[in-house]
Amino acid sequence: MATFPVVDLSLVNGEERAATLEKINDACENWGFFELVNHGMSTELLDTVEKMTKDHYKKTMEQRFKEMVAAKGLDDVQSEIHDLDWESTFFLRHLPSSNISEIPDLEEEYRKTMKEFAVELEKLAEKLLDLLCENLGLEKGYLKKVFYGSKGPNFGTKVSNYPPCPKPDLIKGLRAHSDAGGIILLFQDDKVSGLQLLKDGEWVDVPPMHHSIVINLGDQIEVITNGKYKSVMHRVIAQSDGTRMSIASFYNPGNDSFISPAPAVLEKKTEDAPTYPKFVFDDYMKLYSGLKFQAKEPRFEAMKAKESTPVATA
């Protein structure tokens, strides 16, 4: 099995730019995931985010999670659970408008830190989109422009903790799925593992690394690149000891963004290669919400069928 791709992003600014871009390209084509080091985000900021997130979980969410587990009898399950994930989460929205001030139980300093964290992640996401454009032969800013729609991108952060699980063989931390959106930036626990991706029919661990940011591609990147780059199935395995922190930020198209394979990519496709569908992002999300934990291919086929269905006129 090939080694999980780790990219030193600082090298794009020097003599190793071409080799670094090729490493990113190979990861996007063959893994759908890669891990960034020297990505330019402050390690002090990352340390603060981690400490505050873990403190917040202990103070306000751990007891609630224990009560939920007791109420559902999850300590004593005897057969595999298919409709529930062993995770404690809350969601922060940054763009097009922020909801950070509305989330209850967050200390003011934590709100401020997460706002700063989001600003830095947004910059990193847009830098990565431009590197993808360069690799794909698209004009600089193409992906950002597609994602903007009329009101800007959707950008938000899912803050998760995966507590120790008494039955990790029967309950997943997070069931297998591919992500619906654009580009996902994950700041994860560097001590407690659990994230896995599906590669060549086998589940592969995503290695926890101190101060790294794990990148994975969503379904929209697969569509825009007409399958050259892939979104891949991934999951979180619950652990019997240790609480795993996961802070995943999703830089997604705006609701009214029109998604379709990029013309410059289609020009290079072989004649027998299928063409991916065209659709409005919000329509895809409505479909995805009910089919998240299923294969992506039927979602693409459903959007293609919708695209070819004639609109009735009076």
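Here the Cβ of each residue, glycine as well, is placed from N, Cα and C on the backbone.
Counting residues per DSSP class in helix, strand and coil order gives 6 helix, 45 strand, 50 coil for the domain 'Fe2OG dioxygenase' (153-253). The feature domain 'Fe2OG dioxygenase' is assigned by Swiss-Prot to 153-253, with sequence analysis given as support.
According to Swiss-Prot, the Fe cation binding site annotation covers His177, Asp179, His234.
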- Query: Highest CB neighbour count within 10 A among the binding-site residues His177, His234?
  - Reply: His234
- Count of other CB atoms lying within 10 Å of the CB belonging to Asp179 (Fe cation binding site): 24
- Query: Beyond His177, Asp179, His234, what residues of that chain have CB atoms within 8 A of the centre of the Fe cation site's CB atoms?
  - Reply: Ala176, Ser178, Asn216, Ser231, Val232, Met233, Arg235
- Message: If I take every residue in the domain 'Fe2OG dioxygenase' (153-253) and average their pLDDT values, what number comes out?
- Response: 95
